[in-house]
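**Student:** Once you've had a glance at the structure underneath, I'll fire off some questions.
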Amino acid sequence: MEGLTLIVVMMSSFMLGGQGQQISTPCTSSMISTFTPCLNFITGSSGGSVTPTAGCCDSLKTLTNTGMGCACLILTANVPLPTGFINRTLALALPRACKMGGVPIQCQAAGTPLPAPGQVPFLIAPPPQVSAFSPGASKAAGTTPTQAPAPDTPADGPTGPTTKSGIRPVDQPMQPTGLAQSSTSPFLPLLFISLILLNL
């Protein structure tokens, strides 16, 4: 019975370890924790202060010296933080506010955002182009365009939700639970086979 318990514990540790799909970034948790003095400034929650604290500038200098890749991701607002959204304008202004010059040259190419963790969605193919030799093109060429009726919009302007400029929402997909991870684990059939063999 003790051998069975040991096997179950070992198999469950294999199943639960390392199954989450995570994107590898140059930012470690210790790098982000040393950058915490700047989080209020780059998220816009510093109470309207336009200058970062001395501790923030010191941590930015340390981060650019030890982890330029992580600093670039933070300064270009391309790393999601658990504390809130990064205001890209404030993040790009941080090096100048700390009297370090502009955004480092190494960060200029870091303007592309990271993909969200999880599966890649299927893309819808664009509609086919109408060529001059297709039947649809000859019918379209023979008709004259008509004026479309004006849409019913109020004279005040468009109605609908307004967005705040400078704040970019980040969609964070839910992480799979332990049950979902273990059901897709390749070690699950091995666990069942070992349990059957131990019962024989």
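Cβ coordinates come from backbone N, Cα and C, glycine included.
So Swiss-Prot lists these for the protein:
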COMPBIAS  140-163  compositional bias 'Low complexity'
DISULFID  CYS27-CYS72  disulfide bond
DISULFID  CYS38-CYS56  disulfide bond
DISULFID  CYS57-CYS98  disulfide bond
DISULFID  CYS70-CYS107  disulfide bond
CARBOHYD  ASN87  N-linked glycosylation site
LIPID     THR177  GPI-anchor amidated threonine
REGION    134-182  region 'Disordered'
SIGNAL    1-20  signal peptide
**Student:** Which one of these disulfide-bonded residues has the most other Cβ atoms within 10 Å of its own Cβ: CYS27, CYS38, CYS70, CYS98, CYS107?
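**Tutor:** Sorting the candidates by Cβ neighbours within 10 Å, the top entry is CYS38.
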**Student:** Return only the integer: C-alpha distance in Å from CYS38 (disulfide bond) to the residue listed as 'N-linked glycosylation site'.
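**Tutor:** Counting only the Cα atoms, the answer is 12 Å.
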**Student:** Taking Cα atoms as reference points, which of the recorded positions CYS27, CYS56, ASN87 is nearest to CYS107 (disulfide bond)?
**Tutor:** CYS27
**Student:** If H, G and I count as helix, E and B as strand, and all else as coil, what does DSSP give for CYS27 (disulfide bond)?
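**Tutor:** DSSP assigns CYS27 (disulfide bond) to coil.
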**Student:** Out of CYS56, CYS57, CYS70, ASN87, CYS98, the recorded positions in the record, which is closest to CYS27 (disulfide bond) when you go by Cα distance?
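**Tutor:** Sorting the recorded positions by distance from CYS27 (disulfide bond), the top entry is CYS70.
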**Student:** What does the structure give for the C-alpha distance between ASN87 (N-linked glycosylation site) and CYS56 (disulfide bond)? Integer Å is fine.
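**Tutor:** ASN87 (N-linked glycosylation site) to CYS56 (disulfide bond), Cα-Cα distance: 16 Å.
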